[in-house]
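Below is one structure, written out as structure tokens, with a few remarks after it.
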Amino acid sequence: MQVKENKQLCLISLGCSKNLVDSEVMLGKLYNYTLTNDVKSADVILINTCGFIESAKQESIQTILNAAKDKKEGAILIASGCLSERYKDEIKELIPEVDIFTGVGDYDKIDIMIAKKQNQFSEQVFLSEHYNARIITGSSVHAYVKISEGCNQKCSFCAIPSFKGKLQSRELDSILKEVEDLALKGYKDMTFIAQDSSSFLYDKGQKDGLIQLIRAIDKQQALKSARILYLYPSSTTLELIGAIESSPIFQNYFDMPIQHISDSMLKKMRRNSSQAHHLKLLNAMKQVKESFIRSTIIVGHPEENEGEFEELSAFLDEFRFDRLNIFAFSAEENTHAYSLEKVPKKTINARIKALNKIALKHQNHSFKALLNKPIKALVENKEGEYFYKARDLRWVPEVDGEILINDSELTTPLKPGHYTIMPSAFKDNILLAKVLSPF
């Protein structure tokens, strides 16, 4: 029998969904605390930080300082995750307000660290396994599943390998066991994540690891829907695209950050790919029926000239991604691009503004294409007093958009789960829809 401590825990998980999985592992170890969103009343404040780019680092630092200012006397403030790991040699002196620091290797030991009130930094990066009990947050029907940690790519701008290490893939059986366990608890929709998902099992000498995973999930039949994030162009193949297309469970969702399209820029970025390869993959994705394609672009990488930017801009306008994330180059220590001559900030800002217009135009077109036709969706929960919150099955939670269903049009309350719905209008990134039937 699990006995609740008479203590409150405030968890703040910053950054990506991969960080969220690690936060949920820590919640699993701290199950006997009562969760609160109020920093001021918490006995333990746990901030799982992000240290990917400058803006994320600043957000993490500010969140820590705000918590330190607001915490009650005697409360324990903990900083875990990427920022702590990346700057572990200096962070203790830089932010003395923190009581416990830990990096990316000891999420499953957080309860011991709190009990002993001590820092801990293991050499090995933690990789969540099926036996690590997690408390899933934010949904009763959707969960993220991490399939690997680390990355073997050598992108000029990315510091992740310097603190997350080389690629280490989970065993396929461990993933299947976790999926089965979560599905039995009602999580019938999952998103599979990694730093480089398409390289899954490369470290074990297998080039078709992600295809194996897709087929094993299909055979298992524990889920009703799933999708994959973070395909890397050089390890993505036509066969992988075909496996996703033919899967009855995995949605035709393709998230592949290309970063650029110019061959000269791809070489400068050390992306180990080419425009021709990008186009081959992207055109194959677009040929898939009802495909949804998301990508990420970096603007202002050192030595990006006007011609290369214009080539990128023209391509993005022609290809029409459903969703597009656009980031300004962030100079990060321990990367090849850090010491290269920078593009002026004014130029970067102007380029981002131009690309954002293109991205918004095609995003709106993607939303409009859903109007007045039945789509498969996942109803998550009640949003306020009058609406249920839902999303297109191809979408990732909190990322690709939101669908609201007016409860006044319903004869009975909706349970979280899978439904066919009909969108009728949209504004910004929100669709309004009515329910047709469950499935």
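The backbone N, Cα and C atoms fix where each Cβ goes, glycine too.
Note that the structure is predicted; figures quoted are calculated from it, not measured.
Listed features, source Swiss-Prot:
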DOMAIN    7-119  domain 'MTTase N-terminal'
BINDING   C16, C50, C82  [4Fe-4S] cluster 1 binding site
DOMAIN    137-368  domain 'Radical SAM core'
BINDING   C151, C155, C158  [4Fe-4S] cluster 2 binding site
Fill in the blank from the handout: Here the Cα-Cα span from C16 ([4Fe-4S] cluster 1 binding site) to C158 ([4Fe-4S] cluster 2 binding site), rounded to a whole number of angstrom, reaches 15
Completion exercise
Across the binding-site residues (C16, C82, C151, C155, C158), the Cβ with the fewest other Cβ atoms inside 10 Å is that of C16
Practice task
Under 8 Å Cβ to Cβ from C50 ([4Fe-4S] cluster 1 binding site), same chain, six or more residues apart: give me those in sequence order, or none if nothing qualifies.
Solution key: L14, G15, C16, N19, A56, K57, E59, S60, G81, C82, L83
Exercise for the section: Using the recorded [4Fe-4S] cluster 1 site (C16, C50, C82) as reference, state which further residues of the same chain have their Cβ within 8 Å of the centre of those residues' Cβ atoms, listed in sequence order. Expected result: L14, G15, K18, N19, T49, G51, F52, A56, G81, L83
Completion exercise
Mean pLDDT across the domain 'MTTase N-terminal' (7-119) comes out at 96
Problem - For C82 ([4Fe-4S] cluster 1 binding site): DSSP state (helix, strand, coil) - result: helix
Problem - Output field, [4Fe-4S] cluster 2 shell: CB within 8 Å of site CB centroid, site C151, C155, C158 dropped - result: Q153, K154, F157, A159, I160, P161, Q195, D196
